[in-house]
Amino acid sequence: MAVGWFYLSFYALSLLGLMCVILTVYWMQLWHGGFAWDGTSRLMFNYHPVFMVAGSVVVYSAASLVYRLPQSWVGPKLPWKIGHAVLHLLAFILTVLGLVVVFQFHNHENTVSLYSLHSWLGIVTVFLFACQWFLGFVVFLLPWVSVWLRSLLKPIHVFFGAVILFLSIASVISGINEKLFFSLNNNTQPYSSLPSEAVFANGTGMLVVAFGLLVLYILLVSSWKRPEPGILSEGQPLLRDGE
């Protein structure tokens, strides 16, 4: 039962994550004209929400959940460490690309950057993400760091992993709201009248929230955590159920 409930949650999470990305792409395609990488067009800006949802939320969460897979509990831990680091690096690259397109667009339009709460949240999140990945790589992946230092820093690493996910979701939600305020700032379809774009984007934001809550749930279930060496008994029922 334990492994069945885990995989049900895992597959539901995968579906939710895919829906979040697809709906964000659809939003930009249907209401904002699609995508172009030309450094000047507003169509280039449309990559920003897609990269942020895909990178800082969905792929980041996938990287965080690597050690929850029962297959990672047995055998060498190094391949799973590498997978964890590579997925986080992919998430970071997508997030940085999301920043690149918005800064390029702002520079071309002579628009001020980093003045809104959304932008402040985003920059803080990316900065913490960069520090987290670098320290994780140095401390937990490279072989010469002592065991006691890893044990000391592991709770901090886990804590900031959850903090970054929370900030990423807050940044995405505030970004959706900000985009709607800008795009629906008119007399024909004001945001307050809840036109179809507002309903669709708000619904996408709620899916992002649901995705984040399910990620946190999977991370917090103690019986789904990778047991420490020599304490495998807590996870054995889950492993046996999957045999």
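Glycine is treated like the rest: Cβ placed from N, Cα and C.
Keep in mind that this is a model prediction, so the values were computed, not measured.
Per TrEMBL, the features are:
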- 7-27: transmembrane segment (TRANSMEM)
- 12-220: domain 'Cytochrome b561' (DOMAIN)
- 47-70: transmembrane segment (TRANSMEM)
- 82-105: transmembrane segment (TRANSMEM)
- 117-144: transmembrane segment (TRANSMEM)
- 156-176: transmembrane segment (TRANSMEM)
- 199-220: transmembrane segment (TRANSMEM)
Tertiary contacts of the transmembrane segment (82-105) (same chain, 6+ residues out, Cβ under 8 Å): 37, 39-40, 42, 44-45, 47-52, 54-56, 59-60, 62-63, 66-67, 111, 113, 122, 126, 129-130, 132-133, 136-137, 141
Rounded mean pLDDT for the residues that make up the domain 'Cytochrome b561' (12-220): 94
